[in-house]
Amino acid sequence: MVFRIASSPYTHNQRQTSRIMMLVLIAALPGIATQLWFFGWGTLFQIILAAVSALAAEAAVLQLRKQPIAAILKDNSALLTGLLLAVSIPPLAPWWMVVLGTVFAVIIAKQLYGGLGQNPFNPAMIGYVVLLISFPVQMTSWLPPHDIAATAPGLLDALQVIFTGHTASGGDMNTLRMGIDGISQATPLDTFKTSLHAGHAVEQIMQYPIYSGMLAGAGWQWVNIAWLIGGVWLLWQKAIRWHIPVSFLVTLAVCSTLGWAFAGDSLASPQLHLLSGATMLGAFFILTDPVTASTTNRGRLIFGALAGLLVWLIRSFGGYPDGVAFAVLLANITVPLIDYYTRPRVYGHR
């Protein structure tokens, strides 16, 4: 009789990688639908461009590496990378930007390290940061939600802006970014940071149309709630574990509450931090990436808490209004160290 000697762990989750990735894609539907509702058809076009680019880039690299193309593409990891990048960029960003970011994410941040399971950094966030640093104007040109927009682009207008930079009537991004008050709009976090630097008081800032009397800004509050719903469904399906999203959100809430209590005239409120920007997307869909996150339960708690702290620090004192992507990548750097000091003790060893 021949016994096969295998290394630990000896218990395994029977779900295949493709199944888990598909669950994440399904869980993203509420967030995608909400972004489509508030920001228009551009989000859908960006997702399609990113998906095609991700599959094509991965297939090309697999062909060069003489790897089985069909079998690897079926794991859905390339699709998920493209999706996460597409929903993170402005819906009317030029078509070549999402293609460039997706190709960079798949080829450089994933396949260059050996493919799925070998990459130390989240590929989608690598692609996002490359685009943000290289094209800061285009990457911060978010449309105002449709309910406060002076002009809401339709299906054909969105398609034309993405591929030509202009609508059928000759309008451009500057026109489309105008709010009902005739002022060019930005995201709630960007508006808050920019207005503070301009010397405006917090009470005055929160009266801007972008906030519309809501806790965290028109549109963005509901987008984050939608991503939260998808994240809770992932927890219920046991596709992800609770440690990272809970520690991330708790740390962000605690830091922002303390900051707001002691410096409310210069720092954002907890509800703005929790329900604006990419908070819920990052908590449940990006930080929980099993490849680039910590692998122990204690390590996951530390990893999530570190990311939450970094998001608050970057948003409050850094040069970028959101900071989730940078926080994720900085936390990814610490994963080997976290895992080293939180790995379970082997029975019988000190």
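Any Cβ shown, glycine's included, is placed from N, Cα and C.
Listed in Swiss-Prot:
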| type | residues | note |
| --- | --- | --- |
| MOD_RES | Thr187 | FMN phosphoryl threonine |
| TRANSMEM | 20-40 | transmembrane segment |
| TRANSMEM | 42-62 | transmembrane segment |
| TRANSMEM | 68-88 | transmembrane segment |
| TRANSMEM | 89-109 | transmembrane segment |
| TRANSMEM | 123-143 | transmembrane segment |
| TRANSMEM | 215-235 | transmembrane segment |
| TRANSMEM | 244-264 | transmembrane segment |
| TRANSMEM | 267-287 | transmembrane segment |
| TRANSMEM | 301-321 | transmembrane segment |
| TRANSMEM | 322-342 | transmembrane segment |
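Taking Cβ-Cβ distances under 8 Å and a sequence separation of 6 or more, the neighbours of Thr187 (FMN phosphoryl threonine) in its chain are Thr140, Trp142, Ile210, Gly217, Trp220, Ser276, Gly277, Pro321, Asp322. Between the transmembrane segment (20-40) and the transmembrane segment (215-235) there are at least 3 Cβ pairs closer than 8 Å, counting only pairs 6 or more residues apart in sequence, which means the two stretches are in contact. Stretch with the largest number of CB pairs closer than 8 A to the transmembrane segment (322-342), among 89-109, 123-143, 215-235, 244-264, 267-287: 267-287. Using a Cβ-Cβ cut-off under 8 Å and counting only residues 6 or more beyond its ends in the same chain, the transmembrane segment (215-235) has close neighbours at 23-24, 27-31, 33-35, 38-39, 144-148, 187-188, 191, 209, 241-242, 245, 269, 271-272, 274-277, 279-281, 283-285, 288. For the transmembrane segment (123-143), the neighbouring stretch richest in Cβ pairs under 8 Å, chosen from 42-62, 89-109, 267-287, 301-321, is 89-109.
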